[in-house]
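For reference, the structure discussed in these notes is given below.
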Amino acid sequence: MFRMPIVTMERVDSFSAAHRLHSEKLSDAENKETFGKCNNSNGHGHNYVWKVKLRGEVDPTSGMVYDLAKLKKEMSLVLDTVDHRNLDKDVEFFKTTVSTSENVAIYMFEKLKSVMSNPSVLYKVTIEETPKNIFTYKGC
């Protein structure tokens, strides 16, 4: 039995957002010790890079794993929730979850999964907070 080839594809986009690393479960002193300058009461921002990787069989009719134009639109729906926002104040998820880049990766994965026409091909998302700080989430 012939099996269709498995291919990964990746789309990259970016967004700018502000946040403050602060946990309500920690005292002010513990927050300062844990998060350092990222606990600044006025917050700070990043120009994030968001990479989305899909993995699946190549459709014999379209020759694609997933329609890139469709993925671009779906990613745009997610980007609209975070781009030029204060994550802690403007995104419901982060009102109760510390806005670490680990949690940003989880949020972006789950949010994208919820709007994709075929979420089964979503393999992983990567958030680059800086060129040296990179976080990847593959889902549960």
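Glycine residues also receive a Cβ, built from the backbone N, Cα and C atoms like all the rest.
Neighbour list (His44 (Zn(2+) binding site), Cβ cut-off 8 Å, at least 6 residues apart, same chain): Ala18, His19, Arg20, Lys37, Cys38. The feature Zn(2+) binding site is assigned by Swiss-Prot to His19, His44, His46.
Under the heading active site, proton acceptor, Swiss-Prot lists Cys38.
There are 12 other Cβ atoms within 10 Å of the Cβ belonging to His84 (active site, charge relay system). For His84 (among others), the entry in Swiss-Prot reads active site, charge relay system, with the evidence type similarity to another entry.
According to Swiss-Prot, the feature active site, charge relay system maps to Glu129 (among others), an assignment based on similarity to another entry. Its own atom aside, the Cβ of Glu129 (active site, charge relay system) has 17 Cβ atoms within 10 angstroms in the protein chains shown.
Within 8 Å of the centroid defined by the CB atoms of His19, His44, His46, the record's Zn(2+) site, lie the Cβ atoms of Ala17, Ala18, Arg20, Cys38, Gly43, Gly45, Leu87, Ser99, excluding the listed residues themselves. Reported as a whole number, the C-alpha separation between Glu129 (active site, charge relay system) and His84 (active site, charge relay system) equals 15 Å. For His46 (Zn(2+) binding site), applying a Cβ distance below 8 Å and a minimum sequence separation of six or more within one chain yields Ser16, Ala17, His19, Glu129, Thr130.
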